[in-house]
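This report refers to the structure that appears directly beneath it.
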């Protein structure tokens, strides 16, 4: 019997252990940030241990970084975490993409942009959206602080191999419908736990026709489906993206291995989901987890349980309403899900020559300094600012209430991020997950509209 893509990468990295039992995996790349690394570094100090592979460990600052004045950090805890990582990187010989450096940004942007993220690697980070890197054909997953310390000390992790789930996606995406809509629809249809215990492999003609940035959007939200891993077969689109990037120095010698990274025709999948996106609509979440969403033309559903009732109460909405009925106050274009150059370009087409609605506060936060520079070279910063958007410095920003960028209590926000939990964007904030184009259109119109009518 053949092997899946996941099987091939997993098998190559097993150092010890039998199938069906926890196995010791070698870790090729460890990405770290300021929030989940301090205790792990301190653990090394207490045990008088060195960092096993500082050359495979890379740090960036993202979660706590202010996006207005990056060098004026007013929050004491945020400042402490940032300065602690800077000192730890110095003490342990870790390369850091520091504040103001050309490569600094959200960790899941920095890895791909620098060429650190490559097909066939095992990649870990103390962040739940690490599956983003799986878009390259890597096994990438989030880990906790104790596991961060374990990788620091040994460059290995004990893991139990998951089952394989294939999500076969075909059809041409309609105008105004994007990768974000695909993953939101899947979660809405199958729930926030359908991927639990599985590695999700996204396949099909639709996936093959997506850019690398769109592929990353889908893998980014695998965790919102309950899956630790989400990945895609690397192909010419992948190779062309990686080629020439600073840390992709072994590109030519790696190609033979990379071209073997596909699921064999007779590979066994424990479960298969089929999706035709030909008639897919823009998606909007109405509740307090990503499963609580609807296609744009559909009304919000009836209350089925106590969770639905709590979500409606928190969001100030009720069954039967539609997305266009939501009174928006904020729009956030950013996060590791949708703050790449293509996201900003797509959004810019909607707002060109328009003005942000007077009831809306709209901010754009490029996911990295690389994206910011490239966008500014195209004049996107001027376009957004002329329309009334705030143009910020890179960081996680309003994706989570861990920095100064927060949505006021009771206010509805159209957000291109990945989570709409209670309080995720600030105490009492009401988050609606959408694509960048949906968010941009909402900023101009003061409400959600069907972008299929305005995107050509």
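Keep in mind that glycine also has a Cβ here, set from the backbone N, Cα and C atoms.
Record features, source Swiss-Prot:
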- 336, 396, 399: [4Fe-4S] cluster binding site (BINDING)
Report summary line: Not counting 336, 396, 399, residues with a CB within 8 A of the CB centroid of the [4Fe-4S] cluster site are 62, 63, 106, 129, 334, 335, 337, 339, 367, 395, 397, 400, 417, 418
Report summary line: In three-state DSSP terms, residue 399 ([4Fe-4S] cluster binding site) is classed as helix
Report summary line: Students should find that the Cβ of residue 336 ([4Fe-4S] cluster binding site) has, within 10 Å, a number of other Cβ atoms equal to 27
